[in-house]
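Per TrEMBL, the feature NADP(+) binding site maps to D:R46, D:R52. As annotated by TrEMBL, FMN binding site applies to D:R123, D:S124, D:S125, D:N236, D:A237, D:G276, D:K291, D:P292, D:T293, D:S294, D:S295, D:R317.
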Number of protein chains: 4
Amino acid sequence: MNTFGHLFRVTTFGESHGPAIGCVVDGCPPGLELDPAEFAHDLQRRATGKSRHTSARREADVVEILSGVYQGRTTGTPIGLLIRNTDQRSKDYGTIAAQFRPGHADYSYWHKYGIRDPRGGGRSSARETTMRVAAGVIAKKWLGQRFGVRVRGFLSQLGQIRPAGFDWNAVEDNPFFWPHAAQVDELETYMDALRKSGDSVGARVDVVADNVPPGWGEPVYGKLDGELAAALMSINAVKGVEIGDGFAAAAQKGTEHRDLITPQGFLSNHAGGILGGISTGQAITASIVLKPTSSLRLPGATVDVDGNVVEVVTTGRHDPCVGIRATPIAEAMVALVLMDQALRHRAQCGDVGAVSPRIPG
Amino acid sequence: MNTFGHLFRVTTFGESHGPAIGCVVDGCPPGLELDPAEFAHDLQRRATGKSRHTSARREADVVEILSGVYQGRTTGTPIGLLIRNTDQRSKDYGTIAAQFRPGHADYSYWHKYGIRDPRGGGRSSARETTMRVAAGVIAKKWLGQRFGVRVRGFLSQLGQIRPAGFDWNAVEDNPFFWPHAAQVDELETYMDALRKSGDSVGARVDVVADNVPPGWGEPVYGKLDGELAAALMSINAVKGVEIGDGFAAAAQKGTEHRDLITPQGFLSNHAGGILGGISTGQAITASIVLKPTSSLRLPGATVDVDGNVVEVVTTGRHDPCVGIRATPIAEAMVALVLMDQALRHRAQCGDVGAVSPRIPG
Amino acid sequence: MNTFGHLFRVTTFGESHGPAIGCVVDGCPPGLELDPAEFAHDLQRRATGKSRHTSARREADVVEILSGVYQGRTTGTPIGLLIRNTDQRSKDYGTIAAQFRPGHADYSYWHKYGIRDPRGGGRSSARETTMRVAAGVIAKKWLGQRFGVRVRGFLSQLGQIRPAGFDWNAVEDNPFFWPHAAQVDELETYMDALRKSGDSVGARVDVVADNVPPGWGEPVYGKLDGELAAALMSINAVKGVEIGDGFAAAAQKGTEHRDLITPQGFLSNHAGGILGGISTGQAITASIVLKPTSSLRLPGATVDVDGNVVEVVTTGRHDPCVGIRATPIAEAMVALVLMDQALRHRAQCGDVGAVSPRIPG
Amino acid sequence: MNTFGHLFRVTTFGESHGPAIGCVVDGCPPGLELDPAEFAHDLQRRATGKSRHTSARREADVVEILSGVYQGRTTGTPIGLLIRNTDQRSKDYGTIAAQFRPGHADYSYWHKYGIRDPRGGGRSSARETTMRVAAGVIAKKWLGQRFGVRVRGFLSQLGQIRPAGFDWNAVEDNPFFWPHAAQVDELETYMDALRKSGDSVGARVDVVADNVPPGWGEPVYGKLDGELAAALMSINAVKGVEIGDGFAAAAQKGTEHRDLITPQGFLSNHAGGILGGISTGQAITASIVLKPTSSLRLPGATVDVDGNVVEVVTTGRHDPCVGIRATPIAEAMVALVLMDQALRHRAQCGDVGAVSPRIPG
C-alpha cells in the first residue's frame, strides 16, 4: 500500500538513507506542460536545512523526470520521478539500530516485518514526503489551470502559541509558514530555547482550497472528507484531522453550525466546504495536528530488540517541530485528493455538472 | 465508491425510503459461524425509536442472509444481507423536495448528480449506516474469536457536557452510551429541552479496541490510522477524527507525548496504539466529532432548486443529536478497518508476525 | 473478488440454490432511464428451460430494483438488483454432496475453502451469470445511447459444427444463437442425440461490438484486450479467449496481419479493433471457447471427500452444452468492460478525445 | 493503469527511448534474500541483440535496487528497480513520427491521448516488458522457496512450424526456446529468410507452472484463469490466451474433456490445472499467440497525422518474430499472477488450506 489515489495514482518508494527516493504518477491527463524546474519551489518549502529550526540535513532534491513527458508535455503515460539522496549520515544511527525509540515507528515496523532499515527511520522517515510534494506540484498545476483551484496552508499552532492575526501574505515570508508577521520573533525565540533543551513540540497546520467546484466527492466510502482524512492522517506524526469547524462542532447547536444559503453566497463556512462528502463550492478547509518528534536527545526508558531495559538517546539530525515543514506536505495531500476526485467526478458525471442554482463559493 | 475495504470488502446500497437497504460482504474467511439473529444486538443499539431522544422512525431491521452461509457457517463466498424498509413516510418530505436545507447533503448531491431522491435524505441518510453495523457484527465476531479483539465505544461529549466519571459497565445501561451513570438524568433533561426547542446539538464519540496485535497497518498509504480516519470520517455528520491524544498533541512536548516502554508494558498511551501507521499492541483509541443535525424545525434562510430565496423548515422525523446513535456505527467502522488490516497483514507477513520482544499491550 | 470493474463496478452475490441472487451496480452515471422491465429481454435470452436443449430449470428471473433509481432514472447512487430463486431442487444433489465430479469446480472450492454449498454448484453455478446479464443491460443501454455502441454475439461453433453462412438476422431466430438458419435442423438433431447419450459438448461464441470510439483502453495493465480477456475468461467453463484473428495469427506474416489504413477506412480487421490495448474505432471482435459441461449422467472415476474411490453420476438438471446460453453472457461481459473503459477514458482524457485523422471504423 | 496485481503489485514506468525504465514492487513479503545480480539471468533471456534473430538493440539491462532491500533482504517496503536505457537511436524514428504504421499502437495512442512519444514506440514498446521480467524474478524466487513452484515456458509454434518432439532440457539451449533440438537448424534457416524478406511472423508460447497448491484463485471475478488471461493478454502483440486444452475444447465431449480423479492423481490435465477459477494442484498450463511485428521494411498503405495518404516503411531495429523473446515475459506474468493469488489466498484462508483428500498434482 504505497500507492495513493484511485485515478490519479501516486506510488512512492525509497528509504531515508537509501540511494534514492522516487514515485510514479499514473493517470495524469495528457498535454499538461511540465518542466523539472517546476518542482523546486514546493520542494524547497518542504526542505530541511534552510533555517536552524529544522533538521540540518541538506538535500539538493533535484527531480529527474524519467518518463511520461515528451517535448515538455505529459503524454498520459506514467510519470517516473527520481531524487537521489546525497546527504545521508547512517553512522548516526549505529547506536539505536537495536533500540526502540519511545513514540517512534521503529517499534511497530519491527513487529510487523521482523526486519527494518534503521538508518534515518528507513521507510517511516519524513523523507518519503518529498515525493508527495513533487506529485502534489503536478496536481496543483492541473487543478489551477483547469479550475482555478488554489491550495494553501499555514501553521496555525506551534506548541501553545496561536496566531494573533491573519494575513496570507505573511505566510511565505517566514520559516514557520506563520500567518502573522508580528509573532515571528517570538517563534524564533521559542524554537531556539526548545532546540537547546533537547525536547520537541507539536503543532497544527491548516489548509484551504479555494475555487473547488461543487460536486466533487463520492459518497459513501469515497467521500471527499473521508479521503482528505485518510490523506492527511497518512502524513508522518499526524494524530488528528478536522474539516471545517471540526471538534468545535461537538458543542454547537444546529442553528449555529448550519451555513445559511443566499443567492449571493453562503453566510458562513462551518462545514468546511463539504456536505455529505461532496464539495459545495465553498472553500475546503482542513486542519491537522502533528505530534512532537519522538527522536530526542533527552533520554527515555525503553527496551532493545532482545527485550533488555535501556535508556535511548537520539543523536541524529531531527526537526524539533515536524509540524513546521508539514505545511507544503499537507497542501500536497489535499491537492492529490482533489485531483483524484476531479477525475472521478468527470468519469461518472462528465465534464459539466449540474449548475443550477449556482451559489458563489 | 460504495465499497469499503480492500480484502474484507463491504458494498452497501439503498436509500432511506427505498424498498430496502443491503450490503455484500466479500472476502470473509470461510468457516465462521453466523446466524441471522446475531445481527440484532448491535442493530438495536443503533436503531431509532427506542427512546424519545432519537428519531421516531421504527424499523424492525430484520436481516436476511441471502448468500455466503451454508449450514450456519460462512463459505468464503460473498455474504448478501438485506433489510426491508418498513416505516418510510415519504410524504413528510414533499415540501422540502425542491429546497436545500442549510448544512444538509441535499445541496451537494443535487450539484453532483443533477438528480436526487429527496425522500428521507435518500442515499445520504444515516439509514445507510445500518448495513455498516450489520457488516461490523461479522468483523467483530471474527476478530474476537481469532485474536480476542474487542471494540467498544461511548459518548464522550454531548453539547457542552462531558463525562464526570468513567465506567464501561455504565455505557450500555442508558440510551446515550454515556460512561457515567450519575449524569444520565442531566442528559435526559438536556435532550428534552433541546427537542422542544426544535434545535439540535453536536457530540463526540470515543472508540477503544483492545487486544489488537502489534503489526497491523500498511505504511505509507494504507496506515492503520489513515484508514481509521477515512472510515470514521465517512460516517454521516462526522467533522473530525483523532487518534490517541489527537489535537491535544499540538501543545505537547516530545518528552510528554512519547510512551515510554518497559518489558512489563508501555507506561502511557498518548499514541492511541499506533506508531508509523502500524499497531503497537496497545489499545487503539480513536475519537470523532459529529455535527448537529441540519434538519431542524427552526426556519433557516436558503434557496430552492430554481434559485429562489426561501425559508426552510424540516418536519420529518430526525435525531436531535445524531451523535448518540453513532456509537455502534463508529465501533463497526473500527472493526471493519481492523478486520481488513488483519487480512492484509496475514497476506504479506503470514499468520505469525515478529514477536520478540513482546511488550504487553 | 466478487466485484467486476473499476469505475462501473458490479458486485454479485448468491448461490444457485440459495434464496436469491443479486448484484450492486456502482458508478452508473446519473440520469439514465431504467425500468425493471428492461431486464427481461436479455435475461430470457440467457434463461434455461426455454427449449429442450438447455437445463430444465425454470426461473422467472424477475428483477427487483432495490435502490439507485428515482422516478425512473438512475441517481448516481448504487443500483441494487435482486432476483429470488424459485425453482431450486436441492435434493438432486444429495448423492454428490460428498463426491467430486471430474472437471467440476466442487473439487477446487473444497480445497480452497474447506467448506462449500453443494446444492446446484453453489457459487460456482452459472446461475451467478444472471446478474452479469442484468448489469450488462444497463451498460448496453448507456453505451448505446451515448455512443451508439452495439454489442452482439452468436454461436460460432458447436462441437465440430461451424456456421456455413452468416446473417445477423438469423441469430435471434433459433435457440442456438446460430447465424445460419439452414443449419438449425442439424443442430436440433445433434443436440437431441447428445442429450440422449448423457454426454455434453463444447462450443465457441463470438462477440462483436460496433461503434466503439477510438481511444478506449488503458495501457499497459488496463488494456482493453486484457480486460476483455479477464472478463470473458471469468465466465463459467471458458477456457480460451481470442481478439481479432486470435491464434490464427501465429501462422501469419506481418504483411498479412496488419490492417492497412486509408482515409476511407481500414482495409481489414485482423486486429479485432484493438492496437496496443486501445480501441482503433473498428469493430471489437472477441471469441471464447466453452468446455463441455462436467455434470454428466455417464459415470466417471473420482474420489469422495474422504479420499475413497467412487464412480460419480450426476442426475440434476444440466445443460448438455453450456456454450449455447453463453452468448448473452459474453455480450454482457463485453459491455461491462466497454462501459468501464468509457468512464476511465473520460476521467483521464475528457469527453472529447483527439479526433484527427478520424478514420471510419 | 500501469499497476499489475492486487497484493503483490508491480507498477512500471518508462518509454523505449526515455532515460530509464523502472518499476515499484509493492507488497513483497519481508525477509526474502534479494541480490541485484539475480535479475541478470531472466533479463538476458529476454534481451535483444543476443542472436541475429532478434532486434539489434543492445541494452546492458543492469538493475539498480533503489529501495526495499536492507542487508540483502526484502524489508516489506516497496522495492524500487531502475534500468537506464543506453542504446536508444531515436533518429531512426524521424520519418515515421507523423505516420501511423498499420497494425501498430501508434495509431491508437494518438487517438487516445492526442500526443505520443514516437521514439521507439514510446510506452507501447516491448521495452516495458523488461520490468515485468525483473519483477517476475522476485515472484519466481518467493514461489519457489515457499511452495516449490516452478514456472517455465517454451515456444510452441513459429509461423507454421510446430515442435516435432518435446524435451524441457532443449528449451534453454537454443535462441528460440524451442523444445526440440533437431528442429533448430530449420528455425535458423526460416528466420534468416524471413529477416531478408523484410517481413515478420507470428508465434505461440506455452507456459507451465508446476507445484501450484490447490486452492489459489478467487471466484468469480478474481479467478486464477481470468487473471492469467488478463496478465498474458497485456503482453505486447498477444491476441489470444488458452488455459489447458483451450479452443480445442469446443469440439470435445464432456467424457473426453473431464479429468478423472484417483487417489494416486488425476488421469489427465485437459483443464490446465484450474477448475472454477481455482487451482486443483495439477500443473497450470497456459498458451498465448503473438501476432507478427507490425514494424516492417516492406511498405504499407496508411495515413499520416494530417490524414494524408502515405506509404510507410519502418527502418528501426525490430524483431522479425516478437514471439521468440516473449517466453520469459510470459513466464514472468504467470509468476506475478501466482504470487498475487498466493498472498490473496493466505489473506482469506490462512497459511494452510483444506488438505483432505490431497490428490497428487
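Each Cβ is built from the backbone N, Cα and C atoms, and glycine gets one as well.
Note that this is a predicted model, so its numbers are computed, not measured.
Overlay of TrEMBL annotations on the structure.
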residue : record               : Cβ contacts under 8 Å, 6 or more apart
D:R46   : NADP(+) binding site : D:T129, D:T130, D:V133, D:R325, D:P328, D:I329
D:R52   : NADP(+) binding site : D:M191, D:D192, D:R195
D:R123  : FMN binding site     : D:G14, D:E15, D:S16, D:Y109, D:R116, D:D117
D:S125  : FMN binding site     : D:E15, D:S16, D:N236
D:A237  : FMN binding site     : D:A126, D:L290, D:K291, D:T293, D:V322, D:G323, D:A326
D:S295  : FMN binding site     : D:R101, D:H104, D:G121, D:S200, D:T314, D:G316, D:H318
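Per the record's binding annotation for FMN, residues D:R123, D:S124, D:S125, D:N236, D:A237, D:G276, D:K291, D:P292, D:T293, D:S294, D:S295, D:R317 show a top Cα-Cα distance of 43 Å. With an 8 Å limit on C-beta distances, the binding-site residues from D:R46, D:R123, D:S125, D:A237, D:K291 that reach chain A are D:R123.
Within 10 Å of its Cβ, the residue among the binding-site residues D:K291, D:T293 with the fewest other Cβ atoms is D:T293. The subset of binding-site residues D:R46, D:S125, D:K291 lying near chain C, with Cβ atoms under 8 Å apart, consists of D:K291.
DSSP assigns D:R46 (NADP(+) binding site) to a helix in the three-state reduction. DSSP assigns D:K291 (FMN binding site) to coil, not to a helix or a strand.
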